[in-house]
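A quick write-up on the structure given underneath.
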Amino acid sequence: MSNETKCPFNHTAGSGTTNKDWWPNQLNLNVLHRHSALSDPMDPDFDYAEAFKKLDLAAVKQDLHALMTTSQDWWPADFGHYGGLFVRMAWHSAGTYRTADGRGGAGGGQQRFAPLNSWPDNVSLDKARRLLWPIKQKYGRNISWADLLILTGNVALESMGFKTFGYAGGRVDTWEPDDVYWGSEKIWLELSGGPNSRYTGKRELESPLAAVQMGLIYVNPEGPDGNPDPVAAAHDIRETFARMAMNDEETVALIAGGHTFGKTHGAGPASNVGPEPEAAGLEEQGLGWKSTFGTGKGKDTITSGLEVTWTSTPTKWSNDFFKHLFSYEWELTKSPAGAHQWVAKDADEVIPDAYDASKKHRPTMLTTDLSLRFDPAYEKISRRFYENPAEFADAFARAWFKLTHRDMGPRSRYLGPEVPAEHLLWQDPIPAVDHPLIDDADVAALKAKVLATGLSVSQLVSTAWASAATFRGSDKRGGANGARIRLAPQKDWEVNQPAALAAVLEALEGVQKAFNDAQTGGKKVSLADLIVLAGAAGVEQAAKNAGIAITVPFAPGRMDASQEETDVDAMAVLEPLADGFRNYLKHPYKTPAEALLVDKAQLLTLTAPEMTVLVGGLRVLGANVGDSKHGVFTDRPGTLSNDFFANLLDMRTEWKPVSAANDVFEGRDRATGAVKWTGTRVDLIFGSHSQLRALAEVYGSADAQEKFVRDFVAAWNKVMNLDRFDLA
């Protein structure tokens, strides 16, 4: 018998064939249980914001400035300065952000984890983070990795003579990888013609993706699928940058500003490069891409395979990028690694070598750099920046700040002495509280006034949910604060039933005006607060209808934003194209409705039990869009009962699909054949999916009514306050 056979631990927990292997289409609830206290090593009472406030930011920056020019033998600095490397590191930390679902970005320091730490576009950034470890180690919990990565990018720019727009801390580290959809391809950098392509039609990029190939941050620098066509590349640039909230001017500023510094690396064939960090051996200690080409570092470094230095001052801020872009004609060539790039025709050798002061090179550019000259719209902006260096510097400073802070949410989350004073429209500004807030007696009186309007439980609950459920935990946007449900574009969204919404808002505005007009000490109630308060009144009334007295918690302090404080285009991405909590689908989608429900729940930071109790409660409260009866498994709507679960689990009912797409079902009495209920995939999943059924059984039990109400109120209150960072 072999020693292997004798070992009682040939296999360990978590290994072997998984449920996903057996049933690849099974609904995945794991995304609802990421980033819990179980994976967080910090003490339960640890408050990162308080820890950051104790940080000597000036001392950290001083250490970072020293690091920039302290070249390490194990990974030497190009041109004796790590600035270019650290700018790239910060850019790639933030640059995964996409507007469609708010996921990606610098917020949790996800560049430390798979898959991002091993993306082909992030080659050598493992070394950048390792260079930072002594500084992170020194300051410990007072600065997160997420904050340090962005701060280092800022300091890199400042150390090279650039004046940044500002810096805000406040990014709390995560301790495990996000579960984000980055595409369906099974091969790194798979071309668009592959079997799992993210493209359809005339190069239409799949939503929510914002990169052209698996493993890239934005675009292929050689051009679409490696085709060195600057005009075609401009299409990809415009699409991907727009999907991370950048317009043409911001895009040009970012590309030109970022490419003012440093160089790319393609000293030899990629075949010399070893496995990425997640595939490397234990002895590599989290590093990857070990190269056997020459020394494998310094002048022999292979990163992208491109060998380009854009400016004659790669460690200093200058206007050289545009000077070179427009001063030369360009001819196609290949890097030593065989990648398509461009070299200036008939040009003098004015570009310094990164490691040999006696050498000079001709200017070089990427295909995507030339897009800024040969795309008509980009060319116009580029020439303006070339002729107006101060305007270019300001545009880059602002675009860099937006890039690195876009996923942080409102300014109230910003920390530190370098937060810029200027309020920016993309931050979704909300006025500061400027009046005394309502007290408990006012809350009780306002609830009575709301109920006296004659608005139904369904109307009150639906409006409050519509206001609050725009929140996205991914980029901290949306939510009830600001009352933007009364403004364009939210007031006109189909999911919000504009005509019905207008009637509810008119009634609530009447209550608001009457209350505010009656005050003598300046006390006011905002409409944002009143919408949430009205929802609470509706929930309490529905619980009372079920025979249970309960008070929904309420904390005043929301304010009303104006239309001028609302970027209509930027707000449009928050429109729910699917909201299973309201049994709503704007269009038929390839993705099953139940998966879209889980996705929505994850953006709302809900757990599976919270998602379950909210769906069951919202159904019986009549919150469906269009007053749809699908999933309203009760004969007493407006009562906060556990009827949804009890009736769904009733074995006297037999369910059958009644639509060609298998997305609508009828529940018939097994004995008589009479139709009792209708439901959607989102409804029936709570009886079909084994884990969700287990949760439904908890709430569908005979003794569950009080627990159901209590849990519903807790989950409801959580959603109502997701954007109340002032309460955290």
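Cβ coordinates are placed from backbone N, Cα and C, and glycine is handled just like the others.
Among the features that Swiss-Prot reports, site 'Transition state stabilizer' is placed at R88, with the record citing sequence analysis. Annotation comment: Swiss-Prot describes H92 as active site, proton acceptor, evidence class sequence analysis. The heme b binding site feature in Swiss-Prot is assigned to H259; the stated evidence is sequence analysis.
The Cβ of H92 (active site, proton acceptor) lies under 8 Å from the Cβ of Q111, D121, N122, L125, I217, each of which sits 6+ residues away along the same chain. DSSP gives R88 (site 'Transition state stabilizer') a helix state. The residue listed as 'heme b binding site' falls outside any helix or strand according to DSSP and counts as coil.
Within the same chain, residues at least six positions away from R88 (site 'Transition state stabilizer') with a Cβ under 8 Å of its Cβ are L125, A128, G258, G262. Cβ neighbours of the residue listed as 'heme b binding site' (same chain, under 8 Å, six or more residues apart in sequence): W310, T311, F321, L366, D369.
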